[in-house]
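*Asks:* First the structure, then my questions, so here it is.
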Ligand code: S3P
C-alpha cells in the first residue's frame with residue numbers, strides 16, 4: 001500500500017537518537033561469528049539487511065540469539081563454520097552478499113547465494129575477481145557476474161590488490177578472505193572508503209596494518225569474542241539533518257551518532273553549503289568516534305561535490321540533491337557513477353523522483369546537476385524498492401505544498417524499520 005506523507009505544515013524540533021549503524025552491525029555479526037567464544041552486540045540495527053547477515057551465519061551453524069536490540073553470538077572461531085544445507089537468501093543486502101563471499105572463500109565447503117531482483121542485478125565480479133585470484137572457485141549467472149552464485153573456497157593464497165572501484169565492500173571481502181591465507185594480504189585503495197572493517201577487527205583482538213592507502217592483514221589469526229555497542233548510523237541521521245537544514249524554524253540534536261571521518265562527508269558538505277551545524281564528540285567506542293549533531297534551519301548555497309569526497313557520502317547523495325533544490329545557485333555532483341550500482345540506479349531514481357516533485361535537476365553520466373531555489377510540489381513517487389529513495393521522498397514532503405505519496409514504502413524496513421515513528425516524533429505542527 002502507498003504511504004501518503006503530508007508534512008507541509010510542520011517543522012522539526014527536539015532531541016532524538018537513530019538506530020545502530022548498518023555497516024557496523026553487519027561487521028559485528030561477521031567478526032562475532034568468526035571469533036572464538038561469546039560476543040554481545042548492543043544497539044544492533046534490526047533492519048532486514050542486517051538480519052540477513054545473522055541468518056546466514058545461523059545457516060552455517062553459528063549460535064546467534066536476538067533479544068530487543070541485543071545480539072548474542074557463541075562461536076567456535078575462525079574455522080568453526082559448517083556447510084549450509086540450503087541456498088542462502090541475501091534478500092536486498094549487497095553488503096551481506098559481498099562480505100560473505102570473502103568469508104565463503106576461506107571455507108572448503110560449497111555455498112549457494114541467492115537474492116531479490118535488485119540484488120540479482122548488482123555486480124559481484126568486483127568481488128569474485130580478486131577472490132578467484134586468491135583461489136576461490138565461483139560461478140554465477142551471466143559469466144559469473146550475478147547471483148544466483150555458487151562458491152567453493154579452501155586454503156587461499158594471499159594477494160596484493162589495487163581496487164579498481166572505490167568500494168568498502170570489495171576491500172572488506174578481500175580482507176576477510178585474507179584471514180584464511182597463510183601470508184599477508186594487502187589492499188590498495190586509491191580513494192579511502194569507510195574503514196569499519198579495519199577498526200572492528202582490532203576490537204576482536206585481531207591485527208591489521210593501515211599505512212596510507214594500503215591495508216594489510218595477516219592470515220591465520222584467531223579472533224576473540226567481545227562486547228560491542230553500535231553507534232547511531234550517520235546515514236540514518238542524515239535524513240533528519242537534511243530535513244532540519246531545509247525546513248523553516250527547525251532545530252534538532254541527534255545524539256550518539258557515529259562520526260567516523262570516512263562517513264562524515266554529509267556534515268562537511270552541508271557546512272560547505274552554509275549549514276548551521278555543530279558536532280560534539282562525546283565518546284569513543286573502540287576506535288570509532290561518537291557524538292551529537294545539532295542542526296538548525298540554514299540558508300544553503302550550491303556547491304560542487306566530486307573526487308575523494310564521494311565515498312565519504314555515497315549513501316547520502318540523494319539527500320544532498322534534495323537539499324540542493326533549496327540552495328541558492330547550482331549544485332553539481334560528479335564522479336558518482338557508483339550510484340548506478342546501488343539498490344537501484346540512484347542517479348536515475350533521484351532525478352526522476354525530484355523531477356516529479358518539481359525540482360530542476362539534470363542527469364549526467366557520473367552524477368547530477370541541480371538548479372537551486374525551486375518550490376517543490378506534491379506528487380506520487382516510486383520508491384524504486386530502494387529504502388534511501390523512499391525515505392528521501394518522505395523528507396521532501398516537509399517542503400511541498402500538498403502530500404507526497406510513496407509507492408512501495410515497505411523497502412524502508414531494509415535499513416530503518418522505525419523511520420516514520422522517528423520522523424513523526426521530531427516534527428511539530430506550525431502555529432497558524
Ligand atoms: C557499505 C559500503 C558502501 C555503501 C553501502 C554499505 C559497507 O558500498 O554504499 O551502503 O557497509 O561496506 P560500496 O562499498 O559498494 O561503495
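Cβ from N, Cα, C; glycine included.
In TrEMBL, annotation is done automatically, which means it is predicted and not curated.
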*Asks:* Kindly point out which candidate in 145, 192, 342 is recorded by TrEMBL as part of the 3-phosphoshikimate site with 22, 23, 27, 167, 169, 315.
*Replies:* 342
*Asks:* Enumerate same-chain residues with a sequence separation of six or more from residue 169 (3-phosphoshikimate binding site) and a Cβ-Cβ distance below 8 A; give 'none' if the list is empty.
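*Replies:* Residue 169 (3-phosphoshikimate binding site) has long-range Cβ partners 94, 95, 98, 99, 127.
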*Asks:* What does the structure give for the C-alpha distance between residue 315 (3-phosphoshikimate binding site) and residue 388 (phosphoenolpyruvate binding site)? Integer Å is fine.
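*Replies:* Cα-Cα distance, residue 315 (3-phosphoshikimate binding site) to residue 388 (phosphoenolpyruvate binding site): 8 Å.
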*Asks:* Return the average pLDDT for the domain 'Enolpyruvate transferase' (11-423) as a whole number.
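*Replies:* Mean pLDDT, the domain 'Enolpyruvate transferase' (11-423): 98.
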*Asks:* Cα-Cα separation of residue 167 (3-phosphoshikimate binding site) and residue 122 (phosphoenolpyruvate binding site), in Å?
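*Replies:* Between the Cα atoms of residue 167 (3-phosphoshikimate binding site) and residue 122 (phosphoenolpyruvate binding site), the distance comes to 13 Å.
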*Asks:* Check residue 22 (3-phosphoshikimate binding site) against DSSP and tell me helix, strand or coil, would you?
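*Replies:* Going by the DSSP assignment, residue 22 (3-phosphoshikimate binding site) falls within a helical segment, counted as helix.
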*Asks:* When a 10 Å sphere is centred on the Cβ of residue 27 (3-phosphoshikimate binding site), how many other Cβ atoms does it contain?
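*Replies:* Around the Cβ of residue 27 (3-phosphoshikimate binding site), 28 other Cβ atoms lie within 10 Å.
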